[in-house]
């Protein structure tokens with residue numbers, strides 16, 4: 001018997017499938033009246049899934065164990081074979097090309113924005129299609145929710161275009177400086193990477209947010225036309241989140257010189 | 001987080017079901033419907049709503065059964081559309097909803113078979129949502145294990161059946177126990193499934209199913225008073241998922257009368273503050289309905305359950321991205337069908353006779369004065385305390401006792417179980433081998449005797465008894481009595497002879513007995529046949 005028990009009884013949950021007796025006499029306010037008829041204890045078989053051992057053998061935990069142990073093995077191998085200095089994050093950052101960072105930033109910016117837009121559109125769209133079956137009048141009005149989601153992808157695209165204009169192939173430094181790339185190039189690469197991630201994530205969540213509200217908006221409009229504008233206001237607030245990302249991205253890229 | 005994934009599979013269907021829900025009749029619609037005077041007006045009013053012209057192909061003298069059938073058909077069509085368009089989690093959820101109808105159908109068929117009813121007639125009565133392939137085979141089973149092994153094992157409700165395999169004989173009591181055991185298993189299973197779906201489905205459905213469980217617990221408790229069901233057995237029938245679990249159902253399991261039930265339930269005042277038990281313990285089907293009809297205020301327990309259920313179902317629509325809307329929609333729509341049928345039955349009232357004294361023999365209900373209402377299908381009698389609904393086919397004989405200015409009726413019902421069973425069995429419960437109930441209607445006004453008699457004759461001719469082929473000689477068509485005032489005397493004399501004949505135990509009654517014996521033989525044959533299969 002799998003049973004959800006109330007807070008009061010769950011303190012008896014020490015082990016799974018453990019039989020316990022709960023005496024109900026004290027817990028009832030009118031016990032005086034029922035005292036005679038309630039002398040027999042209630043026997044419950046309780047089972048709490050969070051305390052069961054299954055939790056430690058789930059698929060996710062096994063992946064976690066594998067990852068953790070393999071990382072440990074590699075680290076220890078490097079350490080005990082005298083190659084410990086290869087584990088050098090600063091060196092890694094200096095030696096990787098700024099173009100890689102910048103292009104990953106552009107890619108993330110577009111990809112995450114498009115995922116956000118697509119996500120929002122299907123959340124809105126499926127509800128809109130369903131609700132429009134019985135209330136066809138809503139379909140044109142509610143296209144605005146789809147447009148709000150679509151805008152998010154356009155934000156990402158704009159930023160990615162702006163980012164890509166910064167790269168001109170001038171990042172390689174003179175040998176005498178001791179570093180493979182110029183200072184501006186390092187800054188540019190990291191700025192575009194993190195800027196792209198910021199814009200991408202902002203647009204992803206903006207798209208989901210607008211999509212969910214747009215779906216509610218379609219359903220609300222279908223059942224009561226006066227609700228459309230009210231829900232739309234909230235939707236606009238949601239769509240501003242994407243704009244925040246856009247502004248941040250533009251500010252970041254403003255300080256980046258061509259590299 | 002549910003909103004991010006829910007619409008992948010179910011967004012479209014949720015939009016559809018909310019669209020359906022928007023078509024549910026509003027207070028204004030009901031206002032218009034109650035203003036109607038005939039069923040054709042009702043049809044006209046309904047065609048202006050979401051129902052459209054669903055009755056347009058029906059011939060003009062509409063019966064309330066036709067209306068309810070057509071409405072149910074429409075609901076089932078909508079549900080089937082949702083079902084075929086759904087994918088994994090939604091389809092399982094929708095299947096779970098149909099299981100309760102399956103249980104009802106199974107019980108209906110078992111009960112019907114027990115009472116030796118025609119299989120086809122029973123299958124027609126089954127709810128279309130609860131049909132499964134081998135359902136007709138249920139009629140041949142004689143014991144619960146046979147039932148399980150031959151038919152039920154292939155159905156989705158087989159796991160629920162496993163819990164009641166210990167009951168061997170199929171009799172009234174055991175069927176009731178089986179039904180409740182099945183429901184208990186079903187509700188618990190459905191509840192656990194909903195909990196596994198996570199919030200907000202778990203939350204909204206949890207509330208609905210907890211209420212459903214509690215309603216069953218309270219109903220079982222109240223209905224089991226003064227029956228053979230022991231308290232331990234009763235306790236076993238209680239679903240353990242409700243809000244009343246565990247403390248409340250323990251109390252209810254030991255309750256002896258309605259006061260103790262009230263006391264136990266009152267503890268849960270947050271959700272059950274709506275329960276104020278009526279003074280009288282009568283819980284007839286139509287109590288609240290007729291109370292409102294006469295602008296009374298007192299509502300029966302059942303009505304309060306319905307009201308609270310509707311409240312919960314309506315509230316389910318306030319949240320998005322959960323599966324409960326499908327369940328809630330079905331329940332709301334069923335309530336709407338019930339409402340419309342009630343309204344239709346009121347409009348269908350042919351004759352109303354006030355101030356009629358009704359005496360029963362054996363006196364299951366004390367002698368009281370009340371009002372008689374005749375519809376096309378039923379006869380209602382309402383006094384201050386009681387509501388009775390009697391199907392016309394159950395009235396086997398009606399006659400005027402001209403000496404005492406009263407109308408005599410014989411009802412083909414078992415006086416012991418008649419009033420305690422639920423509506424479904426009430427209309428089925430024609431136990432031929434038990435004594436019948438005699439009902440004597442004495443109107444205060446002498447001229448009403450004829451009116452009652454004509455109404456009864458009309459009703460009998462509109463509702464021929466499906467079981468008795470040769471019962472025509474008891475029935476007078478309305479045509480025969482067209483000019484009753486003139487030809488009346490002759491008819492009354494004839495009826496007097498029928499009435500007398502009953503006392504003398506002469507021809508008519510023996511003919512009736514012959515029928516009984518023949519039916520009994522048929523029943524035996526069925527019993528002998530079935531073990532061979």
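Cβ from N, Cα, C; glycine included.
TrEMBL labels come from automatic prediction, so no person has curated them.
Here TrEMBL flags A:104-162, A:194-252 as domain 'V-ATPase proteolipid subunit C-like'. Positions annotated as transmembrane segment by TrEMBL: A:62-80, A:100-122, A:143-165, A:185-215, A:227-253.
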Long-range neighbours of the transmembrane segment (A:143-165), counting only residues six or more past its ends (CB under 8 A): 102, 105-107, 109-110, 112-114, 116-118, 120-121, 124-125, 128, 192, 195-196, 199-200, 203, 206-207, 210-211, 213-215, 217-218, 232, 235-236, 238-239, 242-243, 245-246, 249-250, 253
Helix, strand and coil counts within the domain 'V-ATPase proteolipid subunit C-like' (A:194-252) (DSSP): 56 helix, 0 strand, 3 coil
Mean predicted confidence [pLDDT] for the domain 'V-ATPase proteolipid subunit C-like' (A:104-162): 94
Secondary structure composition of the domain 'V-ATPase proteolipid subunit C-like' (A:104-162) [DSSP: H/G/I, E/B, coil]: 55 helix, 0 strand, 4 coil
